[in-house]
Amino acid sequence: MLRKKFENTKIILASGSPRRQEFFKNLDLDFEVRLKEIEEIFPKTLQSLEITDYLAKLKASAFDGDLLQNELLVTSDTLVWLQNEALGKPKDYDDAFAMLQKLSNQTHEVITSVCFKTKNKTEIINDITQVTFGKLSDEAIKYYLDNYKPFDKAGSYGIQEWIGLIGITNIHGSYTNVVGLPTEKVYLYLLNHTF
């Protein structure tokens, strides 16, 4: 349904995430991937949703002056929020192990902000999903890290992977948001806005 609406607009997805690219493909969108390296650093005073909003906008600002009139840029950022602490992508194996130990037997929030930028305007949408892990043994965490290497994922896990299948006991909200993009909200935004 969106293909016709965007036949004269070039959608640019600024994400190296294979999961986000697959979602865009499955939404039947014609898009191009363009990447720019930015340092994902945020002011320590920011909390929760403020962090992902800030980082999604920061990623979009890297394209200031580069967009043509008929181009729509999409950037996003996802993080795990647990007890007033942001868990982004792990620095290394030990950091990933520690994150999963913290998530064990706890409910956390997965927060994603998506920024839509054209030559003339920037808008942002976001989503929050609550996810509960049961008790994860150190042996299960080690097995997961050794075999799935989730070092490119916020919170050091993929809900669609082994650890999600054996460890997640409850989810309240958007499943696709936990994977990395709230597709339902993205689709409705694209459907209902003019670019």
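Backbone N, Cα and C define each Cβ position, glycine as well.
Residues or ranges marked as site 'Important for substrate specificity' in Swiss-Prot: Arg19, Thr78, Gln160. Among the features that Swiss-Prot reports, active site, proton acceptor is placed at Asp77.
Under 8 Å, Cβ to Cβ, and six or more positions away along its own chain, Thr78 (site 'Important for substrate specificity') finds Thr52, Val110, Ile111, Thr112, Ala154, Asn177, Gly180, Leu181.
Each of the recorded positions Arg19, Asp77, Gln160 was scored by the number of other CB atoms within 10 Å of its CB, and the largest score is that of Asp77. In the three-state DSSP assignment, the secondary structure recorded for Asp77 (active site, proton acceptor) is strand. It is 18 Å from the Cα atom of Gln160 (site 'Important for substrate specificity') to that of the residue listed as 'active site, proton acceptor'.
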